[in-house]
Amino acid sequence: MADKDDGGGAAGAAGDDGGEQGTVARLSRAVTLVNDFLATVCMNLAGIGLVILTVIFGWLVFGRYVLNSTPTWVEQISLLLVVFIAFLGASAGIQEKTHLNVDVMTMRMPRRIKAFLHAVVYLTLAGFGIFLAVYGFKLVQFKWGSLIPLIGWSEGIRVLPLFFGGVLITLFSLGHLLAMSRSGWDKITGIEPDELGD
Amino acid sequence: DAKEWRAWNIHVEGYPNTVAMDKFAELVKDKTGGSLEITNYHGGVLGNQPDAIEQVRIGALEVGNFNLGPMGTVIPETNVVSLPFIFKDLPHMHRVLGSEAGEVIKQGMMEKGLVPLAWYDSGARSFYNSKKPITQPSDVSGMKIRVMNNELFTGMVGALGGDGSPMAFSEVYQALKTGVVDGAENNWPSFESTGHFEVAGYYSLTQHLIIPECVCISKTAWDTLSDAEKKAVEEAAVESATLQQELWAKRSEQSKQKVIDSGVNYNEIADKAAFQDAMKPVYAKYIEANPAQADLIAKMQAVE
Amino acid sequence: MGLALLLGLFALGVLIGLPVAFCLGVAAVITVAYEGLPLVIAVQRLVSGISMFSLLAIPFFIFAGELMFHGGIAGHLVRFASSLVGRVRGGLGVVNVFSSMLFGGISGSAVADVSALGSILIPVMKEKGYSDDYAVNVTVTSSIAGIMIPPSHNMILFAVAAGGGISISKLFLAGVVPGVIMCVCLALAAYVVAVRRGYKSEPFPGMRNLFIHAVVALPGLFTAVIIVGGVLSGIFTVTESGAFGAIYAAVVTLIGYRTLTYEKFKTAVIRSVRTTAMVMILVACASLYAYMLTFYRVPSQMIDFMMGISENPIAILLMINLMLIVLGMIMDMAALILICTPIFLPVVMAIGMDPIQFGMVLMMNLGLGLCTPPVGACLFVGCAIGKVRMEKTVKTIWPFYAAILAALLLTTFVPAVSLTLPNLWQ
Ligand code: NA
Ligand code: NA
């Protein structure tokens, strides 16, 4: 996590800008706390989604072979669940820093340039999050009148995870930026190596 | 300078629709004196049909060659063509689309931002399976049949006593081969080109679904055309439709011949009325859920 | 200009360290805006990219693998492999390769293979006097078996990127022979290096113990039988078989091995979600990116370009392999499958190569990329587990690269290697 130093500006260093520093640091710490909590909630919800996905597919097979009547809703609900798992999990990945990036070039750079580039990365991610939230919402509205076949729900539901994901990605990226302003440069990918996927 | 339009088509090179769409683009260029150029993107490379419909409605694409079947979730009026046995045969479908009922369907499409210019054929869908010939409704009883994603189709198989199972198209060959499903339903060319005839040896000409396709223009793009251009584009679409229908008939006959030569057991249905009767609960349920379309359905049925 | 923007922004994003999925997404969104296309379409491509039925199998394969791993099955597989092939010189090196082959039938991912087997085998190998670089090299390179031997979620990505016309069951079958050939080459390399370094063999535990180890490993290996057998026999579709595999894995580790606690189950779920989300966000963004590549007609232009350089199939295939190796060195596997398939598949089909065979070439090639610096997820994980510097392992990894290259060339130029099994089954 970004929250490695507990000392520093939080105690309110003396000096002219000390008060402001303290406020930023406190704010940043609060944001990190809230964001960590949000990310955990996302992961748990997505986890429940995965278990449901597995169980309903078990039910599909059971229905086809034992009940001789294939449940027709499983396919459509599963497709909704996958989008849900993907965007919730991917947003949480921003907070937990589990996304794969390439740091061969940035690795050998001076700290200040590295910090600058990482700020650019988080700003870009925040921008992408805003794009997802705004245009995701527009697509939800556009699709709202269409229906998903066989289950009859609105097609807009399919896009909702992108809207929420966009909001979360923005929050998480800005939170990291704030944390950087407090504790300086920190790694974008901070995971244990064995948690990498391919 | 010339307007540049992009067109979506799901079919591969050489398919009747693909040839016809290329002809359409060529005719549009000729007839507008080069003021409008259409680039075709064949093979569904810009997305599946629901996506492409959305892209045309939003104005990201200007032209689409759409099947009316999956359009029903967006444009309710188009769902009526998915009612089993609503059309007697291909010529009847064209008569209905040319009638007042056709105007109602067109109007529904216009309201959602699609301008339909001409109708293409996609033949008639019939049942095929790996078990036995279907000659009467009770033959379907107990069979697991793959259908497209639409309540009408699961309802149709259910009304015949079978289990209508929606399944991704890409999984069907495997599922037929291994008995996950007993049968599916499609037209001759698809039955042949998917190789399903290798694993489902009985094709029964129920012709339960005859679903038209259309050449649609995005409303926003259409509104930018001059009257002369509109006329040119419409003519081009209608001429391309004539070509498509010819090619389709030819292709259909070829596929049928190839499949029968390969040893598929093929039978026609002597008593179609028995199947149509079995659909009464499907119609009743549909009209109950969509009372606004009762009049449209009656109009369609009234066309001789 | 638009195309330059699309490619340039992506490269820029990679260089400044933006996560790869978002490099694709951001570059494509900006290009969509540049072309004046409605931006909601970009969102549509992101959603539609993952609302695909064939992708549903991916979370299931990942989940089944994680359950088996956290349920402790990897240890049983290693013990079985050890009693079976540990007797040769440099025994543990060969055992490592063989375990990867077995574990490949459970896991669909090379990185999972490295972390599952590496965390068991690398410490044991170091303890028995094998040098750390050797232990890591064997573990890392043999992990590609996880991709080649079915089930494999990367093959599903390939099928999806190819446009859905390729049968996943055939791809699964096709991977077996190239996967085994690659493992044989690697085992040979492991043996030769071990002999030159004077590593010892493992004692044979006796027929009785071999039998016991086999029986204990069997229920775990049965996951592969369920998933692959379920598909081939037609009891399940690919997706259903994945779900059933996951359910089976949960049941067998919970009731059979009794090693799956609630905590471990939860860990397996969360890790599966993490990997699934990473793969899916990549698929979503790659699908948007591919939309723009198609918009600029890159795939069809690529055919003209390659044919313009040479019309000799051998030259074209070597060229493609070289490009893939270079790309694989600097980029991640899943992203490359999704981007390269639509571009290269039409080219190889134009010179008469079967798409299934190309899939195998692509898998093995990009798998090699996972084991090379500067960007190689398997190599990173292996080095972290072995607590050894990447520079050190890479100095002695060449025999293993050579083994994979030999298998790769065989797979590239001998169609029968990939196609015999799927054709037989048909
Ligand atoms: Na595997
Ligand atoms: Na290994």
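The backbone N, Cα and C atoms fix where each Cβ goes, glycine too.
TrEMBL does not curate its annotations; it predicts them automatically.
According to TrEMBL, the features are:
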{"type": "DOMAIN", "residues": "C:7-416", "note": "domain 'TRAP C4-dicarboxylate transport system permease DctM subunit'"}
{"type": "TRANSMEM", "residues": "C:39-65", "note": "transmembrane segment"}
{"type": "TRANSMEM", "residues": "C:101-122", "note": "transmembrane segment"}
{"type": "TRANSMEM", "residues": "C:134-151", "note": "transmembrane segment"}
{"type": "TRANSMEM", "residues": "C:171-194", "note": "transmembrane segment"}
{"type": "TRANSMEM", "residues": "C:215-236", "note": "transmembrane segment"}
{"type": "TRANSMEM", "residues": "C:242-260", "note": "transmembrane segment"}
{"type": "TRANSMEM", "residues": "C:272-293", "note": "transmembrane segment"}
{"type": "TRANSMEM", "residues": "C:305-327", "note": "transmembrane segment"}
{"type": "TRANSMEM", "residues": "C:334-352", "note": "transmembrane segment"}
{"type": "TRANSMEM", "residues": "C:358-385", "note": "transmembrane segment"}
{"type": "TRANSMEM", "residues": "C:397-421", "note": "transmembrane segment"}
Contact yes or no, the transmembrane segment (C:134-151) and the transmembrane segment (C:358-385), 3+ Cβ pairs under 8 Å, gap 6+: yes
Segment-segment contact (the transmembrane segment (C:39-65); the transmembrane segment (C:358-385)) at 3 or more Cβ pairs under 8 Å: no
Chain residues outside the transmembrane segment (C:334-352) and at least six past its termini with a C-beta under 8 angstroms from it: 20-21, 24, 154, 157-158, 160-163, 279, 282-283, 286-287, 289-290, 293-294, 298-300, 302-303, 306-307, 313, 316-317, 320, 324, 327-328, 358, 362, 366, 369
In contact by Cβ distance (the transmembrane segment (C:171-194), the transmembrane segment (C:397-421); 3 or more pairs under 8 Å): yes
Top Cβ-contact partner of the transmembrane segment (C:358-385) among C:101-122, C:215-236, C:242-260, C:272-293 (pairs under 8 Å): C:101-122
Within-chain partners of the transmembrane segment (C:171-194) [C-beta distance under 8 Å, separation at least 6 from its ends]: 88-91, 93-94, 96-98, 100-101, 104, 130, 134, 138, 141-142, 144-145, 147-152, 155, 158-159, 228, 231-232, 356-357, 359-360, 363-364, 396, 399-400, 402-404, 406-408, 410-411, 417-422, 425
Tertiary contacts of the transmembrane segment (C:215-236) (same chain, 6+ residues out, Cβ under 8 Å): 61, 64, 68, 73, 76-77, 79-80, 102, 105-106, 150-151, 168-169, 172-173, 242, 244-245, 248-249, 252, 256-257, 425
Surrounding residues of the transmembrane segment (C:272-293) on its own chain - C-beta under 8 Å, 6+ positions past either end: 2, 6, 10, 20-22, 24-25, 27-29, 31-32, 42, 45-50, 55, 58-59, 62-63, 66, 109, 112, 153, 157, 160-161, 299, 332, 334-335, 338-339, 342-343
